[in-house]
Amino acid sequence: MENRDRRKFLGVCLGGIASASIAAVAYPLFRYLSPIPEQENSGKVTFQESDIPEGEAKFFQYAGSAAVLIKNKEQGVIALSAVCTHLGCIVQWQKERGEFLCPCHAGRYTAQGLVISGPPPKPLQPLHVSIANGTITIG
Amino acid sequence: MSLYKNIDNWLDVRLGTHSLIEKELTGYLLPRNINAWYSLGSVLLFIFSLQIVTGILLLIYYVPDADKAFASVTMIMNRVPFGWLVRMCHVVGSNMMVLILLFHMLSVLFMGSYKSPRELNWLSGFILFNLVMAISLTGYLLPWSQLSYWATTVATNSVGAIPFIGSYLVEFLRGGKLVGPPTLGRFFALHVAVIPITIAAFVGIHLVLLQRIGVSTPPFGLKETKSNWRGDTFRYEEHPGGIPFFPNYLLQDMTSIMLYLALFFAVLFFDPYLFLPKDAFIPADPFLTPAHIKPEWYFLPNYQTLKLFPSEFLGLAVQGAAMTFLALLPFIDRGTEKHPLKRPLFMACSIGGILLWIGLAIWGHFS
Ligand code: FES
């Protein structure tokens, strides 16, 4: 009887040590393989207002994903996420029609990001824009 | 029937696992007087697997480009979580692999296991030894530090001492007149693909040979230490009445691996930069040779030999002769006696050789 208790105790110890060692290997491994956070600079992106031509779109990286900035007469400056709300393709700017077209499944959006036609379920996500003496700041 | 029994039975019907386990594990008998030195092969296998795993992990962040290599290694050390751990495991592991390999060879020498009929085991092991040296040398360049750059310059330079083709050979190895980006490309390919595959293949050959001929009986604790192998027909060396590999000897293997890990972690956590002089932390600069550039400790005797002889060619030839002698040892030493104390000439030569090697290493280190 005593022998069996001893055996059980040693078994539990061994199990504990084994799981601790597995964890000691698995945790560093998991952290090593996890994506490294980008070194972010306050999360804001700035442009000179004069650098952006009328009616053109400017694509840029914002918070690790694609975004687009357009400037036109009627609405002024608009910044949107360029990620299509359907399955995540990047929309294209069609200057002649003043619309965004998603090349993947022909989703169409207005310059404000509202859905005109196609599969996208939601409008493009707008980003906060502020303009102060010739500098456009997004975020 | 329990689930475990079901699976066991299912596998046995299809693969004959029971007879396989019987043959290779529980029924595989080793000599009764087998000792801990015989487990160093398993330790080496374990180290090699660890090098492969850490090596693959390093490949995720390492960039084999002369402009980016150093920065990528710096990033692994400083920014990637636990990157320092993975890299230091690889660096320390490589040095430990050479160390344990030397011990493994010494045990084979002293217990006479290299003798007939195991010449092929010895030869395949000798090739493995050279491959390990080659993988260490090629890996040394990859971080593209001052140490890497100049140690490789010196190492590749010594090939130039070979008459006639020497200078062409150096250029061929380097992929250019000097060590540079083309050298990095070559060494990278050798280090991560060519040599590892070759090592794996030779480990396989080494083990198959061992399996075919059987484990040699250690000479210790026996009255009769002579090998009674006659050399007319193939004979598997059986060990009736011996101890089973599983669980008895596997436990010894595990014990040795644990002891090894204790040593490994002691270096890793208490003196991780033991094998990295400070030139290893400066990016390579082809226009500035650092003072006192030296190779890794296991190349120090070779390095010192090259310095001792008046002509590089002579130094190289002496080393070549020593290595050839070592490779052909089982063909030269034809005696059947295995006990080291009953082989005085062998003992004198080998201990002399080891002392010479250590002496040259120390001399090389301090000169
Ligand atoms: S992903 Fe844009 S329409 Fe389907």
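Positions of Cβ are set from backbone N, Cα and C atoms, glycine also.
Feature annotations, courtesy of TrEMBL:
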type	residues	note
DOMAIN	B:7-219	domain 'Cytochrome b/b6 N-terminal region profile'
DOMAIN	B:235-367	domain 'Cytochrome b/b6 C-terminal region profile'
TRANSMEM	B:36-63	transmembrane segment
TRANSMEM	B:84-110	transmembrane segment
TRANSMEM	B:122-142	transmembrane segment
TRANSMEM	B:149-170	transmembrane segment
TRANSMEM	B:190-210	transmembrane segment
TRANSMEM	B:257-276	transmembrane segment
TRANSMEM	B:313-332	transmembrane segment
TRANSMEM	B:344-366	transmembrane segment
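Ranked by the number of CB pairs under 8 Å to the transmembrane segment (B:257-276), the listed stretches B:36-63, B:122-142, B:149-170, B:190-210, B:313-332 are led by B:36-63. Here the transmembrane segment (B:190-210) does not touch the transmembrane segment (B:344-366). Their Cβ atoms form fewer than 3 pairs under 8 Å, with each pair 6 or more residues apart.
Helix, strand and coil counts under DSSP for the domain 'Cytochrome b/b6 C-terminal region profile' (B:235-367) come to 92 helix, 4 strand, 37 coil. When Cβ-Cβ distances below 8 Å are used as the criterion, the transmembrane segment (B:313-332) is approached by residues 109, 114-116, 118-119, 122-123, 126, 158, 161-163, 302, 305-307 of the same chain, each at least six residues removed from its ends. Taking the domain 'Cytochrome b/b6 N-terminal region profile' (B:7-219) as a whole, pLDDT averages 94 in the prediction.
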